[in-house]
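Straight from TrEMBL, the features:
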DOMAIN    A:87-279  domain 'ABC transmembrane type-1'
REGION    A:1-20  region 'Disordered'
TRANSMEM  A:24-46  transmembrane segment
TRANSMEM  A:91-114  transmembrane segment
TRANSMEM  A:126-151  transmembrane segment
TRANSMEM  A:157-178  transmembrane segment
TRANSMEM  A:199-221  transmembrane segment
TRANSMEM  A:258-279  transmembrane segment
Amino acid sequence: MSTTKQATRAPRGGARRSGRSGRVLWGVSHGLVWLYALALVLPLYYLVISSFKKTTDIFDSPLTPPVDPVWHYFEDAIRYARLDLALVNSALVTAAALALTLLLALPASFALARSRGRLSALLERIFAMGFLVPTFAALVPTFLMAAYTGLFHTRTFVILLLPAGALPLSVVLLTQFMRTVPPELEESARVDGATTWTVLWRVFVPLSMPGIATVLLLNFLNFWNEYLYSLVIIGPDTSQRTIQVALPTLQANQATEYGVLMAGTAVTLIPVYIVYIVLQRRMEQALISGAVKM
Amino acid sequence: MHPTPTTPPTAPAATGRRPRRTRREGSPVTLLAVPALVWYLLFTLGPLLAMFYISGLSWPGMLAPRSWAGWENYRAVLDDPLFWQAVRNSAIQIGVVLPVMIVAAFMVGYYLTLKPRGHRLLRVVLFTPALISASAKAMMAYSVLAPNGMLNGLLDTVGLGGLGRAWLADTDTALACIMAIDLWNGIGFTAVLFAARLGSVPEEIYEAAELDGAGHWRRMWRIAFPVTKDYVGVTTMLQFLWILFSSAQNVLLLTQGGPGNATTNLSFLVYNKAFVQSDLGYSQAAGVLLFGVGLVGMLAIRRLLRQNY
């Protein structure tokens, strides 16, 4: 009893002992952390309000909300950069790349989770090492590969390419999940005459749904937000390019008003924020488990 | 009647054990991993090897004829003052951003684990940069830093308009802006990661130290940090790679390496030589050197932040 009492009282005791300077420091750290938080939020706030303000108002009173909001910037942004087509392209690329990622990663994780051979240990290590290969390094050769395969300036090549970068993390995360499936379940399925394929889809996949959700959320963010490879490979064709490639074209046009650029940026953020608001906890968990992938 | 009671216990054990054994030792099921492996190697290892090969070619543009150049590209790169300026810019960028980011993120992460008032809201705010794409972040940075953007507008409002300038087009501030964006981008999410890791440190470890009257500063650096050093090391490594390689995107979208070459760093140089100046050999020779820098830096960080107990 006495030890727990001491322990619970200790934090306050510790703070008290450091005295006034301690309290001042504590106050300063509150201040600094919230100052940084403000720095994170302020540009977002500025982005939203500027989407409704005339250029002169944006500069004269940068932080005041729009007095008489201008609504046509969203329409302008969509028309100038064909953001409507770009949204569809991004959705297509993201969905197709996600499907392909699962199609490749699920059987692989299944194989790695249930075999203990030396070969599968080696394979797992190869995938685990994949986190440390910076994707940027392969930019130019990948661009040449797209050119030589005749899939240059198409979404198709990006759809084929994105899963490759996502595979290491997806395979490692899914393997961890599939290891928790009790072998007895598989054995009883086998007794009922199930094939390996049936075991994978009927036993392992349903039981690894949380892992699959994590992988999907994480890769949704990565695929939707991918910029450099899409820029280099898809290029300027409005019927093929994704939203991340289309957006900066608004800036390149010097005549563009700020409001249009801000409204366009806001449009690109909407899908991500919808998913985030609906699946906040899951998304945060996914990002945390996916960040340090070792 | 007699055999029946003896057979059931042995039969399931045999059928239960036999398939498990054969499956676990290099069975055809491992083949299911092959498509993923091939896919991964085709798009990652293949291009990486190609980078080494191309770095030995004289190849002035995609449609131009190419010929073997040996070490010629490396000589050109190492003789190029622009390359050394890019090395300098990357060194400044990494040297300032990485320590500041990791130390600040660790402190914010520790702060989060104390669950101060508003920590839930704070956590949501800190996630912001992790959700937004590179191009959207760049557009936001542009709108803040442009001559008639938010920063100058704010300075004007508080009567410090004299300090205002074209932040991204000024040689003195352009690189600092790129670095500030790295920090803006990196501290919050890294802090959330550290908070998650610190949350799994058993309370007894702190309690033992608390009895000796350790304040937060000492708790943080004498206990929390050594206990999680390995995790901090891996995170530092990944942030290092991110800053070294991916900041090409910010440079491309915001300054194009300028003004002059003030913001040309190594990754942007690799991009620019290939896609703007169409010198594929030079670009990939620089790419190989950049890859080497990444490898050496990673090993150095690993050594520096290894768990030492």
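FYI, residue positions are counted from 1 along the chain as it appears here.
Heads up, the Cβ atoms here are built off N, Cα and C, so glycines get one too.
Whatever TrEMBL says is automated annotation, not expert-curated.
Only residues 6 or more beyond the boundaries of the transmembrane segment (A:199-221), in the same chain, are considered here, and those with a CB under 8 A from a CB of the stretch are 94, 97-98, 101-102, 105-107, 109-110, 113, 166, 169-170, 173-174, 176-178, 180-181, 185-186, 189-190, 272, 275, 279, 282-283, 285-287, 289-290. Across A:24-46, A:126-151, A:157-178, stretch A:157-178 shows the highest tally of CB pairs under 8 A with the transmembrane segment (A:91-114). Among residues of the same chain six or more beyond the transmembrane segment (A:157-178), those with a C-beta under 8 A of the stretch's C-beta atoms are 92-93, 96-97, 100-102, 104-106, 108-110, 112-114, 124, 127-131, 135, 142, 146, 149, 151, 204, 207-208, 210-212, 214-215, 218-219, 222-223, 226, 229-230, 233-234, 242, 289-290, 293.
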